[in-house]
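Comments concern the structure below.
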Amino acid sequence: MQRRFDLDWVRVLAFMLLVLYHVGMYYVTWEWHVNSPYAGPALQPFMMLTSPWRLSLLFLVSGAATAFLLGKARREAEARGSTPRFLGARSWRLLVPLVFGMLVVVVPQAYYEVVEKLPGGYHDGYLAFWGRYLANDDGFCRGDDCLDVPTWNHLWFVAYLWVYTVALWLLLKLAPRRLEAFAASLASALTSTGGLLLWPILFFAVARIALIGIFDSTHALVDDWYNHVQYFGIFLLGFLVARSSAVWEAIQRARWPALALWLGSWLAIVAYFGYFTDIAPPQGLRLAMRGAWGLNQWCAIVAILGFARQWAPGDSPALRYLSQAIFPVYILHQTITVVLAHNLKPFDLPPLLEGPLLVVLTFGLCFAGYELIRRIPPLRPLFGLRFRERAPAAVPQVA
């Protein structure tokens, strides 16, 4: 199958969006590892522009890319006369960076969170903290709120992606024909009149209405059932429709109405959270806005994918470079942002200067880190790269 350069670009830009989002988290009133002394609500409406769909888009693209990777593995296995090498390779590419990230990369995030938020501060230094972190020390507490260490922080996406990949692999082993039949039924439903918007919106709206009041979003894997329903659901959808030209054509046709619904529902969500900051909303309105969240979630994804397909970009040296670089950049970015934000505080820069500076420095240091990592073979697997550099594969990269 011809390589989907549009999905490559969506994946790259979606990961880059995380850098902007996490810099934004430093300046809003929501709980994060560190917070600016200038934190306030001004940026929150713009953060809500991406909150419903940001990770869902990445899981959908990852599901589609998994379909392409599995197809490639099967073709290579046929050429060798053996069974496909898929799950082991995916586990290596995902679990090694996850474990290394938890033990090394994300530690500064937890350290500066303790330095800034522990009552009385923390003064024993980074190495002492790292030892306690690795020892699963539960003594970093603010009242009853204790920091769980070791932790994966932003790398929860990698853990979830691996779990969903294993679940998909089991489905393919245990019920391949049923999965194939479901894929055909799904494509038929999505390409029916209005089906592309109706059925996924209904799925996401019902999931949020039914589950978000019971299961908070924790990113802790074991108790995160609302997120599992939405994220595994859209990962599976991406896998099942990856090769359906009819579905992708429907997405392209629906891009304008999806854009209008996305932006309209975003305005409604912003107004809702802005008005009901200090008072409880009526239950009926609360449920309606959960439905609006699901509508926003899917319509944003359709609009982005539809316009990307309409754009129909070709291959380029920039895309090949970014496709390889973006996963190491993702692994590094939040730690770099937290370290920079904490250490820029003494300069007391105005937010309009400090914010763009954080963005530029985060991207610059992330790509500098990638340039170092790609040149040192033992480091490459720790950041999701092959041990030896070679020409990019003719499929989108999942990791």
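Including glycine, each Cβ sits where the backbone N, Cα and C put it.
A quick note: this is a predicted structure, and the numbers were derived from the prediction, not measured.
Among the features that TrEMBL reports, domain 'Acyltransferase 3' is placed at 6-370. The transmembrane segment annotation in TrEMBL covers 12-33, 53-71, 92-112, 154-172, 184-211, 231-251, 258-275, 295-312, 324-344, 356-373.
Taking residue pairs at least 6 apart in sequence, the transmembrane segment (184-211) and the transmembrane segment (154-172) share fewer than three C-beta contacts under 8 angstroms. For the transmembrane segment (356-373), the most Cβ-contacting stretch among 12-33, 53-71, 324-344 is 324-344 (pairs under 8 Å). Scored by C-beta pairs under 8 angstroms, the transmembrane segment (92-112) has its highest count with 324-344, from the stretches 12-33, 53-71, 184-211, 324-344. With a cut-off of 8 Å between Cβ atoms, the residues of this chain six or more beyond the transmembrane segment (12-33) that come close are 39-44, 46-47, 50, 54, 57-58, 61, 109-110, 112-113, 153-154, 319, 322-323, 326-327, 329-330, 333-334, 337-338, 341, 351, 355, 358-359, 362-363, 366. For the transmembrane segment (53-71), same-chain residues at least 6 beyond its ends with a Cβ under 8 Å from one of its own Cβ atoms are 1, 4, 7, 10-11, 14-15, 17-18, 21, 84, 86, 90, 157, 160-161, 164-165, 168, 172, 230-232, 234-243, 296-298, 300-301, 304-305, 395-398. Same-chain residues lying 6 or more positions outside the transmembrane segment (184-211) and placing a CB less than 8 Å from one of its CB atoms are 225-226, 229-230, 233, 237, 240-241, 244, 246-247, 250-251, 254, 257-258, 261, 287, 290-295, 297-299, 302.
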